[in-house]
Each structure stands twice: as structure tokens, then as C-alpha cells.
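Undergrad: I'd like to ask you about the structure that follows.
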Amino acid sequence: MWVTKLLPVLLLQHVLLHLLLLPIPYAEGQKKRRNTLHEFKKSAKTTLIKEDPLLKIKTKKMNTADQCANRCIRNKGLPFTCKAFVFDKARKRCLWFPFNSMTSGVKKEFGHEFDLYENKDYIRNCIIGKGGSYKGTVSITKSGIKCQPWNSMIPHEHSFLPSSYRGKDLQENYCRNPRGEEGGPWCFTSNPEVRYEVCDIPQCSEVECMTCNGESYRGPMDHTESGKICQRWDRQTPHRHKFLPERYPDKGFDDNYCRNPDGKPRPWCYTLDPDTPWEYCAIKMCAHSTMNDTDVPMETTECIQGQGEGYRGTINSIWNGVPCQRWDSQYPHQHDITPENFKCKDLRENFCRNPDGAESPWCFTTDPNIRVGYCSQIPKCDVSSGQDCYRGNGKNYMGNLSKTRSGLTCSMWEKNMEDLHRHIFWEPDASKLNKNYCRNPDDDAHGPWCYTGNPLIPWDYCPISRCEGDTTPTIVNLDHPVISCAKTKQLRVVNGIPTRTNVGWMVSLKYRNKHICGGSLIKESWILTARQCFPSRNKDLKDYEAWLGIHDVHGRGDEKRKQVLNVSQLVYGPEGSDLVLLKLARPAVLDDFVSTIDLPNYGCTIPEKTTCSVYGWGYTGSINSDGLLRVAHLYIMGNEKCSQYHQGKVTLNESEICAGAENIVSGPCEGDYGGPLVCEQHKMRMVLGVIVPGRGCAIPNRPGIFVRVAYYAKWIHKIILTYKIPQS
């Protein structure tokens, strides 16, 4: 260590059966290749609880949700018609149900290890095509007459018995279209004078209309305009893509519904046809194209606000003076960004515009050799400092930003007052909590924030910087400029001695079974480590594990006490903190070998020359590392002395702490990142610092600079208090 809402179904499913003999039918190929998971609506971290003891459940161990879906669709080995299932991710087990969340006597319940999948056929309120696969619960005809039960001959005799049309779900008196006839689902009526009548069930393309180009469309359409089934956004087959739900949480990437995340003329989706990567979806325009206030960009004519999507000025040349091509012209460049396709983007004449969410206004040019160019000569709008920056900790910030740093739209404060009261001990100033604007009602040291509508990220900081000249305070007598650390490889504790003391809070973070970083167990479900261990927000967490209760990094001899836990979520620290909190998929079990370590009080300081320790499995100065956990003893240095050792090139601010070895060359190195600097005060051991990349491995007379945990203690407590903990 230096150390170191309602959903559609498959198109004309009943017709597909009659197409099997056609020579090269698309539907046949699609059905063979189709992943049945596309037929289900997913509710993450949710399970169903039945209050009626007569309702049956079937369960069996299976490896994937896809396998559960296949058995549910085929009803293979099930004594009932499967309408939904839950996949237990931790135990790799399926639970199949003959009911769903709309069934009387059934309720949804949060469960961290569960994902609920409901067959869209049974919960949607719309139809695709003729509605042959509709299995919803509408039981009233278009004129308002109650339907006659299918197994009844009163008042009308008929041959449409459930036993004669197996698979058509002729249950109760629900509207159905068992023969796939024109007109859609129908039923025999309870009126002796009216034998049968169609039911008023809308097409899924009409359940929710779209405005403008459908960027805000969140409806249930899951087929393309040619009838192809959409690929799930959370799947990479048959087409690999970048639009992952976790990467774009505000784009509405639910299941396999049509969306428009990239500024195309209208909503689209990837398809299940390997030969057709994507197609547009047929969704009707709203009669009155009104948009929510949060969807409308600020219109400007003399300057650009944000990315300039609301620019409506008359600049008509790119940055180097080349004139723009008219938007309604196809010469010299052909394109589909026309006034007809983008009716609400004001594509008049040849004015610079940003219809597709690019980084700034642009246009096609009249030069055949220059297809497009940015109009970067348009100035940025002047924004008052109260809107685009904050002073102090931002408690008086009154700007109108309403998005988090991860791109999530803020939730209205009035909807979150109960949650806010849970972690503050005073009555917040409601007059400041306007709409869903970023604010700092709890005096957070790290700036304005807001609640979100995402249950996985209850709240987050907003991308607002401190105003110019209002910098982070430095520690007393520290007045030298901060120099960025040179890039180094992962750190390890060099010349540390093996330790077998009680360090049950020490964590080895593994990526594909290889140790990459250390960490500290601060709560049963939470690990504190360094951001450098997770450089990308979009890495697949299934490849990561947390090993606890071990002394040997390979687990040799530690099998009986070792706990291996999956990581379910990353929570990045405040901007510039170099910290990340890991939420475990299930809580660690505290015993003689696994324990938690205390956090310091917010803002506390530790006296100079206090002896502390760093722990890690990193590089030890030897080619043949034994893989044992090592400890190196360091002492706390003040700013002045630390700066001297760094030739005056380093100044500590309030988020940093300095510690070094007195004589022996020891300290963190490769593999120790994320590990703790542990100090003892009043017989209590605490994690005072976190190891982050330094300036080399245990360089003589070069003390290490750690992230000062005390400065971020309130943030850590706030995360633990507000983020839901997985159930054991």
C-alpha cells in the first residue's frame, strides 16, 4: 500500500399462428427469435403480496428473468394461467402468479432483491391492430351496455365458449376478439335487444398523444409503424446500443416503449428484427400541441441560453461566415430535418437553430464541401450570478435550475416536505422552496440540491458552481495554491507489517474476481471508498464484489469467515470529493470477523502528531506479494509542515488531511485506493481519511494527502438516512 401505466401486447398474436407456413414470413422469424421478456412490464425492486390465501403461487430456482418469462408465457408446468412473475435476484428464484397487481386482494410491496414482471396483455387498456391478444378487464360496450359472461347463454345463445377457444382468455364478461375480426374486441351484451357490440378500447398509439417531436412522449406504444416489436431498452440483443436506462434516467426508457431520446423527427425504437435496427413508431399528434413548462426551452433572439434549443434569432451563417442552407431545401445537402418533420422547432428560412439537442445552434451550409456547421458566434446570454452560481454553501441560492448533476428533473418541494422534515430539526423557509428549483434548505455544506422522482436516487446535488472569487475555504495558515496530483497507478502499503488485529471493517473490492481497491464498512449496507475505483458511472455492477472478513486478499484460510456481497448502487460524493458510497445488495452480517468502523463528527480536527494507520492489500515493495493485509503507521501533519515536505507546492483545504511516516518509508501504494486512514481518539477508532491517488508509492519525506472524511460526514449521514436500505 503506499498503500494504496398500461401496456400493449404483441401484434396480432393470433394471426401469427396462421403464418407459419409462409415461405419467409417476418413474423415467424421474429417469433422464433423473440425474447418473451418484451411481453412484460417491469417494476424494479417490487414484489406482490397476496392477501387472499386461495390465490396460488408456483416457485422454482432459475438463473435469469428471461427463463422465468419463457415459462410464464408458455405456462409450462404451471397449474394456472400465468399473468405475472417475480424474479428473486439474490436467490435466483422465480415466483409465478395467476394474478397481477390489478387483482383484488393483491398489493405491491418494495423488495430490494425482487423485480416484478407483469404480462402486458392482462394490464393494458389499449389494443394493437385488431386487438386479438387483448386480455384486459373492460366489460362495457361502446354504447355503455354491460357485457354478457362468455360461459352464459342468457340472454344470448352462442358458440363462443371458453372451452372452445382455449388460449383466447374468454373469462368473466371481458371484451375479447377471439377470431381477430375487424372492429376490435367485442362481447355479447346483457341487453336482450342487442346481441353483440364492439367495446370502446383505444389503440395503443392513441392512448397518449405526442407534442412537437415526441421528446416528452411517455406512452405505452411498443410496436413500430410496420408492426415490428420493439426491443427492450435494457437489453443489447439483437441490437447493441448506448441508450441504457441507468445512463439516461430522464429519458423514460421503460421496458420496450417507443421514445425519442436523440432528437429524431418522432419517437422510435430498436426492433427485434435482426435485419432492422430501428424504425419509427406511429403515434398521433395531440390536437392542441401544449407542452409542460419544464419541456419548453427559454426562447431568445439575441443570445443563446443553455444549448440554444430556444434560440429564435436571425443569424444565418456559421462561425466562419459560410451562409446557411434553407431548412426547406435539399440542395446542396439532402436531409430530413425539415419544417414538416420538426414543426415546433421554428425552422424558418436559413436561420441557425438547434432542433435535435446538439451542443449549440447549427445549420446545413451552402458549401457542398461543408455539410453542417455550428453558429458559435452567437453570444451566450448573460445570466445573473444568483442563477448560475452560488456563494457560501448556497443556502441563499434563488436561481431557477431544476435538474441534478446526473440529468434528473427535480421533484416539487411541496411533495417532499415529509422527507425533508425527517433529516432536519428546524422548520425550513417554505418561501424559498419554489416549485422544483434547486435549493439548500438543510444547510448542506456542499451546495444546492433537490429531490428527484427516481426511487433509486431520492436526491442529488445540482450542477451549480461557486461564484467566481468565492472558493472553498482553506485551513488556517494555509495560503499556498493547490497543485493537482500527478497521475499514478493504483496504490499499495509499502513496507507495512502484516496485521491480524480487529479490522473487520476492512473491505477488498473485486472486479471480476481481481482486487482493485480497499474500502471501509461504515454501516451494514454501506461501504466508503474512493471515486477513482469507479471511474465510469456506467460500469456494470454485476462484475463487482465486496469481500469482508478476510486477511488474505485471495481468501486463503478465510473461507469460514469470509462474506462476499454484491454491489447494488454507486452514490458519488459531492463534486471534487473523490469519494463514493457503495450500497450493498444485502446487508453484511456483523460477527467476530466483520464489523463497522465509526465516522468522525462533522468538521472535527485531529491533533498534529497523532499516530494513525493505513491498511491495504496493495503493492508492498516486493515483486512477490504475499497477499496479506498490511498496516502502516503514519502521524498527522499540519498544513505548514506538510507544505514544507512538498516543497511548498501543496496547500491543504478543509476537505484534505495530511499524514506521513516519521522514519520508515511506508504508506499507501497501488491497490490501496479507497482504503482508510484510521485514527483513535478517546479509545474510539474512526476513519479519518480515505486513500486516493498520490504522488508515488511511499516516497521518502513525502507525506500523503487523504480525503478528510470529517468534512463529508454530513453528506454520508444524509445518504444513509435518505437512501432505502435493502431488506435482509
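Yeah, the Cβs are placed from backbone N, Cα and C, and that goes for glycine too.
So Swiss-Prot lists the following for this protein:
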- Cys68-Cys94: disulfide bond (DISULFID)
- Cys147-Cys187: disulfide bond (DISULFID)
- Cys175-Cys199: disulfide bond (DISULFID)
- Cys303-Cys381: disulfide bond (DISULFID)
- Cys324-Cys363: disulfide bond (DISULFID)
- Cys352-Cys375: disulfide bond (DISULFID)
- Cys410-Cys450: disulfide bond (DISULFID)
- Cys438-Cys462: disulfide bond (DISULFID)
- Cys517-Cys533: disulfide bond (DISULFID)
- Cys612-Cys679: disulfide bond (DISULFID)
- Cys642-Cys658: disulfide bond (DISULFID)
- Cys669-Cys697: disulfide bond (DISULFID)
- 35-121: domain 'PAN' (DOMAIN)
- 126-204: domain 'Kringle 1' (DOMAIN)
- 209-286: domain 'Kringle 2' (DOMAIN)
- 303-381: domain 'Kringle 3' (DOMAIN)
- 389-467: domain 'Kringle 4' (DOMAIN)
- 493-721: domain 'Peptidase S1' (DOMAIN)
- Asn292: N-linked glycosylation site (CARBOHYD)
- Asn400: N-linked glycosylation site (CARBOHYD)
- Asn566: N-linked glycosylation site (CARBOHYD)
- Asn653: N-linked glycosylation site (CARBOHYD)
- 1-29: signal peptide (SIGNAL)
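Tell me what's around each of these sites.
TA: Cβ neighbour count for Cys94 (disulfide bond) (all protein chains, 10 Å cutoff from its Cβ): 23.
Other Cβ atoms within 10 Å of the Cβ of Cys147 (disulfide bond) number 22 in total over all chains.
According to DSSP, Cys175 (disulfide bond) sits in a coil region rather than a helix or strand. In sequence order, Tyr134, Gly136, Val138, Ser139, Thr141, Cys147, Pro185, Trp186, Cys187, Cys199, Ile201 are the residues near Cys175 (disulfide bond), counting only same-chain partners six or more apart with C-beta under 8 A.
In the three-state DSSP classification, Cys381 (disulfide bond) falls within coil.
In sequence order, Asn316, Ser317, Ile318, Asn350, Phe351, Cys352, Cys363, Phe364, Thr365, Thr366, Cys375 constitute the residues six or more apart from Cys324 (disulfide bond) in its chain with CB-CB distances below 8 Å. Under DSSP, Cys324 (disulfide bond) is assigned to a strand (E or B) in the three-state scheme.
The Cβ neighbour count for Cys375 (disulfide bond), using a 10 Å radius over every protein chain in view, is 23.
Classification of Cys450 (disulfide bond) by DSSP places it within a strand. All protein chains considered, the CB of Cys450 (disulfide bond) has 26 other CB atoms within 10 Å.
Other C-beta atoms found within 10 angstroms of the C-beta of Cys462 (disulfide bond) number 22, with every protein chain shown included.
For Cys533 (disulfide bond), other Cβ atoms within 10 Å of its Cβ number 20.
DSSP assigns Cys612 (disulfide bond) to a strand segment in the three-state reduction. The Cβ of Cys612 (disulfide bond) lies under 8 Å from the Cβ of Ile606, His633, Leu634, Tyr635, Ile636, Ala659, Leu677, Val678, Cys679, Glu680, Leu688, Gly689, each of which sits 6+ residues away along the same chain.
If you take the C-beta of Cys642 (disulfide bond) and look for same-chain residues 6 or more apart in sequence within under 8 angstroms, you find Val650, Leu652, Cys658, Gly660, Pro703, Ile705.
Mean predicted confidence for the domain 'PAN' (35-121): the pLDDT average there is 92.
Residues of the domain 'Kringle 1' (126-204) grouped by DSSP class, helix first, strand second and coil last, total 1 helix, 15 strand, 63 coil.
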Undergrad: Given the domain 'Kringle 4' (389-467), which of the listed stretches 35-121, 126-204, 209-286, 303-381 has the most Cβ pairs that are under 8 Å apart from it?
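TA: Out of the listed stretches, 209-286 contacts the domain 'Kringle 4' (389-467) most.
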Undergrad: Of the recorded positions Cys68, Cys450, Cys462, Asn566, Asn653, which one sits closest to Cys381 (disulfide bond) when you measure Cα to Cα?
TA: Cys462
Undergrad: Find the one among the disulfide-bonded residues Cys68, Cys303, Cys410, Cys517 whose C-alpha lies closest to that of Asn566 (N-linked glycosylation site).
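TA: Comparing Cα positions, the closest of these disulfide-bonded residues turns out to be Cys517.
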Undergrad: Sort the residues of the domain 'Kringle 2' (209-286) into helix, strand and coil with DSSP and give the three counts.
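TA: In the domain 'Kringle 2' (209-286), the DSSP-based counts are 0 helix, 13 strand, 65 coil.
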Undergrad: Provide, as an integer number of angstrom, the distance between the C-alpha atoms of Asn400 (N-linked glycosylation site) and Asn653 (N-linked glycosylation site).
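TA: Answer for this pair: 30 Å between alpha carbons.
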Undergrad: Which numbers of helix, strand and coil residues does DSSP report for the domain 'PAN' (35-121)?
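TA: Counts, helix then strand then coil: 16 helix, 39 strand, 32 coil.
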